[in-house]
Amino acid sequence: MTHRQVLTALSGLLLGMFVSMIANTVVSTSMPTIVHDINGSQADYTWVITAALLATTVSTPIWGKLADLVNRKMLLQISLIIFVASSAVAGFSSSPEMLITMRVFQGLGGGGMAALSQIVMADIISPRERGRYMGLFGAVMAVGTVGGPLLGGWITDNMGGLTPDGMGWRWNFFVSVPFAVAALYLLQKTLHLPKLEKRKVSIDYLGIVFLGAGVSLLLIWVSMAGDAATASFKWASPETVWMTSGAAILLLAFVITELRVKEPLIDLGLFKNRTFTLAVVASISVGLAMFGAAVYLSQYMIMARGATPTMAGVMTIPMMAGLLIISTVVGALITRTGKWKRYVILGSALLTASLALLGTIHYDTNYWLVALYMFVMGSGLGMVMQNLVLVVQNAVSPRELGVASSAVTFFRSLGGTIGVSWLGAMLANRLPSLLGERQADLQNAAVELQKSDPAAAKAFNEMVASGQLPTPASMPETIRPIFEWAYGDALAHVFLLAAPLALVTLIAVIFLPNLSLSHQTRSERADAEQEQPAEGEPVLASPIAATGAAMAGSDTGQGALPDDAGSSHGAPLTGGDAAPGTDQEQAAQEIPTDGREHHGRHA
């Protein structure tokens, strides 16, 4: 495909991703206000976030498996409809339970958008050329991530008059609907994908049940357990024993099922591929660190620094700026040089360092210092996130591409869901402890408030007694600084806990095999596989379509012409030694089409 054809094909996909991003981020900075208005608690706040991540996690491998079996464009459209419809219904939420339910459906649709967008990209763009277009996806992510909170904050602060109950945040859930309609139209008109290999559709329903139940039970345990007074039960309790045991049994049943079914939800044979296994480890840990920390940055701005939802969106721009700028630059460098590993290692190191630095902040830390730490964090994420999917797609066979891509996204979402739940539990445990340290100050402030404004004192006491999540705007001035101090230190503790998790990512990516990036799309690699002769048959000298690869200098046809950067334009058709006239080291860089790993020299 030409550059213009690729851009046309990507237009609907990009708009669909923008809808997914904007619908999620438009409520991020206003979520504390939303939870407060519907009488939610800190536990409800965590569950509103966790419910969507949980549904995304469980549904991602299902979407990925379906993508290897049925029409991918249709799946994209279905996932987008589910996502936007549930977002619109969430706008009518009157209780935490209703909002959490709609967030589950948002997660189901979001899981499809996340998994399928990566798979569709592999259909139309080769791994080596993908960096050229990563800037577009980075721009969509940046605009959606930065613009969403700004728009959401403005809507929350200014559009209360357009709703009967005065809650302007409801419009945050409606704003994505017109964009979704346009995205569905563009997807239908512009996205034309290669036909899939005809395979019998066999859905692993039993695997879906075991995986969903096992992961859900595990995450419910993490969310509900704790030592704080607000926890449903203690870490060391009978509930912990039966919930963790039940999760382990269900996940073991899932593994056994996957080993026996013809079309497994997650092909466990992929774990024999070193690149896939290490990318999964890195994705879990980066999800734990990234989602866990990023989710609570907005809460830090609102609860510890007293920012409005609009200003909280503005104050988190440095992280998205780092992600956009660095992902665009690094994507272009990878396309130009074919070298990716150095950037993944550097990004993991920056992510670890930034979380450690965020662990030192307080409620009164100079904002520009916090902004610098956020920029470093965004830069690290820009180098790591998409490139982990890229190297996995480059290392597996075309037949496994959908499952492998969605598996990486699944494990990242799983890590993120566990991270949000676990770090949320740590926050819920830490906050009462810190407030307990300031008990004398709180009592003195309460006495002064009772004398100066008895009505305000009564309202505040009732809110705290109900377990409702307070916001700085709702706190009396005499008490507010104490809560800001407690939230600042508690959230810094959350960031510090995430730093060792990011360190696991760094260790995993250091050991990733250093494979050269293929110049072939998924369909071109699949065609090349079909053209490979059976073992012992002669190889016919014919070019690989649309890749520029040609047979080089030998009757055996084992070589491939190198490009200017020193890597080949396709996979070698057979194994063995290099053909005459082809450098032995260059031959080692060739990308196999059967999923086997050949180590190249690119760093």
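Residue positions begin at 1 at the first shown residue.
Cβ atoms are placed via backbone N, Cα and C, with glycine included.
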Where TrEMBL places transmembrane segment among the ranges 401-425, 426-450: 401-425
Contact between the transmembrane segment (310-334) and the transmembrane segment (75-94) (at least 3 Cβ pairs under 8 Å, separation 6+): no
Positions whose Cβ lies under 8 angstroms from the transmembrane segment (401-425), at least six residues beyond its ends: 42, 45-46, 49-50, 53-54, 56-57, 60-61, 63-65, 67-68, 111, 114-115, 118-119, 122, 215, 218-219, 222-223, 225-226, 231, 265-267, 270, 276, 279-280, 283-293, 295-296, 385, 388-389, 392-393, 494, 497-498, 501, 522
